[in-house]
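Annotation source TrEMBL lists domain 'Clp1 N-terminal' at 49-140. The ATP binding site annotation in TrEMBL covers Glu55, Lys95, Asp162, Ser163, Gly164, Lys165, Ser166, Thr167. Summarising the annotation, TrEMBL assigns region 'Disordered' to 137-156. What TrEMBL records for 159-348 is domain 'Clp1 P-loop'. Sequence annotations record features per position, and here TrEMBL assigns domain 'Clp1 C-terminal' to 353-464.
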Amino acid sequence: MKSRFCSLIGVILRRLPIPRARIESILMAYGVPPASASGGSTSAIKQVKLDKECEIRIEVGNETPLRLRLLSGTAEIFGAELPPEFWLTFPPRHKFAVFTWYGATIEMDGETESDYTTNETPMVSYVNVHAILEGRRNRARASPPDSNSSQGPRVIVVGPKDSGKSTLSRMLLSWAAKQGWKPTFVDLDVGQGFITIPGSIAATPIELPIDPVEGVPLEMPLVYFYGHVTPSNNVDLYKVLVKELADILERQFAGNAESRAAGMVINTMGWIEGVGYELIQHAITTFNANVVLVLDQEKLFSMLKKDVLKNNPNVDVVKLQKSGGVVSRSNKFRQRTRSFRIREYFYGPGNDLSPHANIANFSDLSIYRIGGGLQAPHSALPIGAKSVADPLRLAPVNINRDLLHVVLAVSFAKEPEQIISSNVAGFIYVTDVDIHRKKITYLAPSTGDLPSKFLIMGTLTWLET
Ligand SMILES: Nc1ncnc2c1ncn2[C@@H]1O[C@H](COP(=O)(O)OP(=O)(O)OP(=O)(O)O)[C@@H](O)[C@H]1O
């Protein structure tokens with residue numbers, strides 16, 4: 001049963017590029033009649049000519065999706081080239097830029113919150129970084145497999161909130177994939193969840209440029225569930241999971257010269273002060289990063305340059321300009337995006353997946369929470385007393401109505417003691433708890449039994465609307 005669930009979850013996690021025929025059904029899912037059925041969208045179609053090294057920055061309107069296609073020339077969205085003459089559909093509130101190196105004309109159909117063109121972009125400096133990484137990958141591939149120099153670049157992208165870290169990460173990955181590499185994408189940002197749902201840290205090989213609409217294809221993600229959307233909830237647990245993920249990747253690299261040479265790109269969260277800064281340093285050393293790209297902030301750059309080079313003078317710490325196109329997102333917007341990401345996990349980006357409602361007996365499930373809850377500050381404890389809250393304590397959860405609307409991770413652990421060190425198979429969403437009949441109803445990506453009875457609960461909830 002385990003393998004069935006896992007293989008199904010693998011299929012469901014995988015987000016393949018949308019076939020042309022499905023674009024229309026995605027439009028319908030957003031409540032927009034397909035152009036062929038309505039004889040054309042109600043909104044104006046407009047053409048935009050882009051000169052070389054220019055981009056158009058677009059924020060899709062709040063209500064309806066936007067269709068866009070390349071009419072002539074060449075253009076890319078965050079490193080992924082646009083296919084000619086092919087309509088792409090971007091969901092409401094999506095923010096992105098279409099950039100061209102040599103000039104292009106695009107056509108847009110739908111409402112935008114804003115759209116404007118500019119020739120002021122940091123793209124040349126970004127592609128220069130890519131060229132240097134490319135040289136390092138080639139040198140790594142040419143080195144003897146068990147030598148130190150067979151390790152390709154391990155790039156970590158850091159910077160404050162909304163500085164364009166995820167965007168730069170995806171560009172570097174897409175450009176590398178376009179040249180035939182399979183770099184590993186590591187996402188340590190539990191707040192947004194670029195690879196899978198928020199509250200997780202994850203890694204996946206990138207074999208093709210990242211789809212501008214669908215995002216990262218999830219064929220073989222390695223996911224650890226932290227359970228909260230900010231590392232401050234349980235810093236020790238966050239660090240332990242980062243270490244687990246790094247150790248597994250280290251083992252994978254040891255046995256795979258190709259992915260070792262391709263290296264990795266690590267996306268981080270925007271918390272850069274105090275403990276957040278410590279966590280950035282922790283990630284740099286844990287993943288043995290050899291290139292640190294600092295976006296936007298002079299202070300962070302000079303601090304990291306001093307602290308990182310003190311420990312390892314071979315690391316390159318590079319400051320890069322933030323793109324003027326990066327959009328600042330409010331907390332409310334981030335919350336909404338998180339909800340959308342969870343919905344996408346179960347239903348697919350264009351409502352193209354069908355999750356299943358399953359029922360289990362209370363006795364079939366063992367739910368655990370990691371950490372002793374909020375730690376009391378020392379000042380709040382009697383003199384001489386120590387806080388007993390252990391951030392890595394595994395606490396069984398009593399099944400009751402508090403589980404309603406909670407997102408739980410399904411652990412690969414075989415014993416409770418393995419829960420912290422195990423990655424997860426996927427996620428379920430609790431839709432009903434029947435105390436009387438001792439039954440729990442949940443939404444899962446597939447039918448059948450769960451691959452394990454061990455479930456992890458954090459503070460991640462979702463209200464299905
Ligand atoms: N050149 C651009 N034009 C238009 N939108 C852009 C551009 N670059 C980035 N964006 C958008 O700006 C938003 C923020 O960018 P991004 O997610 O890369 O920032 P971040 O630093 O990773 O954010 P976080 O604070 O969550 O870590 C995203 O919606 C992204 O698509």
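Here the Cβ of each residue, glycine as well, is placed from N, Cα and C on the backbone.
Whatever TrEMBL says is automated annotation, not expert-curated.
Tertiary neighbourhood of the region 'Disordered' (137-156): same-chain residues 172, 176, 181, 183, 253, 257-258, 260-266, 268, 280, 283-284, 287-293, selected by CB-CB distance under 8 Å and a gap of 6+ residues from either end. Secondary structure from DSSP puts Thr167 (ATP binding site) in a helix. Least crowded of the binding-site residues (Lys95, Lys165), judged by neighbouring Cβ atoms within 10 Å of its own Cβ: Lys95. Sorting each residue of the domain 'Clp1 C-terminal' (353-464) by its DSSP state yields 12 helix, 45 strand, 55 coil. Residue counts for the domain 'Clp1 N-terminal' (49-140) by DSSP state, with H, G and I taken as helix and E and B as strand, are 18 helix, 44 strand, 30 coil.
Largest Cα to Cα distance within the recorded ATP binders Glu55, Lys95, Asp162, Ser163, Gly164, Lys165, Ser166, Thr167: about 19 Å as a whole number. According to DSSP, Asp162 (ATP binding site) sits in a coil region rather than a helix or strand.
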